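Database features (Swiss-Prot):
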DOMAIN    1-61  domain 'TGS'
REGION    243-535  region 'Catalytic'
BINDING   Cys335, His386, His512  Zn(2+) binding site
Amino acid sequence: MIELVFPDGSKREFPDGVTGREIAAGISKSLEKKAILVEVDGELLDLERPLEKGGAFKILTREAPEALETIRHDVSHILAEAVQELFPGTQVTIGPAIEDGFYYDFAREEPFSLDDLAKIEQRMKEIVDRDEPIRREEWDRDEAIRHFREIGEEYKAQIIEAIPAGEKITVYRQGQWKDLCRGPHLPSTRHAGKAFKLTKLAGAYWRGDHRNAQLQRIYGTAWASEADLEAYIQRLEEAEKRDHRKLGRQMDLFHMQEEGKGMVFWHEKGLTLWRTVESYVRRRLDEAGYQEVRTPQVLDRVFWEKSGHWDKYRPNMFVCETEEGEELSLKPMNCPGHVQIFKFGQKSYRDLPLRMAEFGACHRYEPSGALHGLMRVRAFTQDDAHIFCREDQIEEETARFIELANSIHADFGLERDHIALATRPEVRAGSDEFWDKAEAQMLAAARKAGVEPVIAEGDGAFYAPKLDWVLKDSIGRTWTCGTIQLDYVLPERLGAEYVAEDGSKQRPVMLHRAICGSLERFIGVLIENYAGAFPLWLAPVQVVVATITSDADDYARAAAAELKAKGLRVELDLRNEKINYKVREHSLAKVPVIAVVGRREAEEGKVALRRLGSDGQQILALGEAAEALAMEALPPDLARKRQDGGVQAGLGGEREAG
């Protein structure tokens, strides 16, 4: 007998080998019809699978959040069946569920087209209507390899050969079609529903290795209901409008090209945005007591061997050899260099905590298929810093950093979704006692800063736990930006020491921390969060002075000069074009303020201000407009310093500072 604990806390015993369907049927016929999976002790199982153990037990319907991943996995199998029906001879490889959807990789000489996707999607719906039963089978390893080779599925045979000896080989039959799979799966294709859509085609390499055969990947999305699917498609359409790669070109911020994969060509306006972000973060770090340093871009192999990166990170490093036989690498991380600066000269306990920051340029090899605009690059700059401290300072320093990171993210207009405490991974360094202590320190520090972190089991670095910031943008997407990680290992490896109060030599603890992470990625997030329509302080061009008639050219030049004198970033548009054309063009470039001047404005010493996204305009004296815009364009940290009695002037009169 096995004992199952139901969600209401009740316990019941069942004979060994009972299935989830039988249990559901014993509760009610309606539940049996709606049930698609069961969960036993945290493990999802097919409805028809005999239960081998007891524990916490749940019957899942398609509305259950836990069921969504299995629905997506089933739809990926339905995709594969549809492709093989429509395009005989196509080999299947792998087809997992992923965030928001699924994909399947196919081996086929002729490329799929967008027209093919529509045909495949229609066939998938027909397969759902067939209500094909889905059943799990355990196969003999050698028989499975032989069978898949006989039917021309070489990739499946290779997958089976790579499965560790002793692990069960399971095949799922879906009507007459079959696939190698661990499961679980739904009772039949009907249960997958039709709330799915194929979204795009892409290339992929077998086993993710560019030296292997190239495959064709079909992506799709699947949801529990049509309403959920429609909402997701709307989010996709909104995200497409905000795509930083498209806006980067449209706004003349940056571009990327084949000759420099994963490298960014920053244009003048993009670099202005970069410098604005960097300058703001630099001021905040300076206020928080950080020393800014700079470490070499290229260091000898011996250095990376000492730090441990050569053994653990070599495939991601860019390495070159000199004529003298030196093996050098571009730095993938800044931390070992910071330890060298810490070691220069004797350090005392009185010097701690020592906060060392660097806007450090790093290079890491990423496969070309993984690159994605500013979000995934090979050359990037981190707002990196390392805090060297005593063990008794960990909690205080971590709490201070949490407050700083929260403040900076808020100033950039990014809402915090949550902070995750990533705990010990399965493969890790250090004893359980060490991990107990380190996790408790991070948790206590978070709570000291007024934060209750979400526990991310097993997501910690191999050497220590960490806190990760998960931010939410204006359309509800989440981005991981910011981290703080404990490290006892690197100071030990590289021989960092300080003189303790009793005169003994001690190892400092090292806190790795970043607020933006990669500046490239952070700027990409900002572009998409604001859809390019930045607040005035971030906008690369804050004001364009545009003329209605050439009679106002001299006045426009004087107006632009006055605005620039107030520290504003200004462009002058004296072209012989209609004003509506100019306004439309600068609006597409997301310029937040257009100061329109014509003959009347020139005579009266005024400007007509048009805001991005607004049809109205505000007529102000030039001096008044310059003062108000300059105040509004102050970065948040400088605006706080300019507070006067809790209010500050703006174009809307008085407003709260902060």
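Glycine is no exception: its Cβ is also placed from the backbone N, Cα and C atoms.
The structure displayed is predicted, hence computed values, not measured ones.
What Swiss-Prot annotates, mapped onto the structure for a quick look.
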residue: Cys335; record: Zn(2+) binding site; DSSP class: helix
residue: His386; record: Zn(2+) binding site; DSSP class: strand
residue: His512; record: Zn(2+) binding site; DSSP class: strand
Residues flanking the Zn(2+) site, with Cβ no more than 8 Å from the Cβ centroid of Cys335, His386, His512 and excluding those residues themselves: Met333, Asn334, His338, Asp384, Ala385, Gln485, Asp487, Leu490, Met510, Leu511, Arg513
List of residues, in chain order, with Cβ under 8 A from that of His512 (Zn(2+) binding site) and at least 6 apart: Cys335, Asp384, His386, Thr483, Ile484, Gln485, Asp487
Cβ-Cβ neighbours of His386 (Zn(2+) binding site) (radius 10 Å): 29
Secondary structure content of the domain 'TGS' (1-61), with strand meaning DSSP E or B: 14 helix, 27 strand, 20 coil
Cβ-Cβ neighbours of Cys335 (Zn(2+) binding site) (radius 10 Å): 22
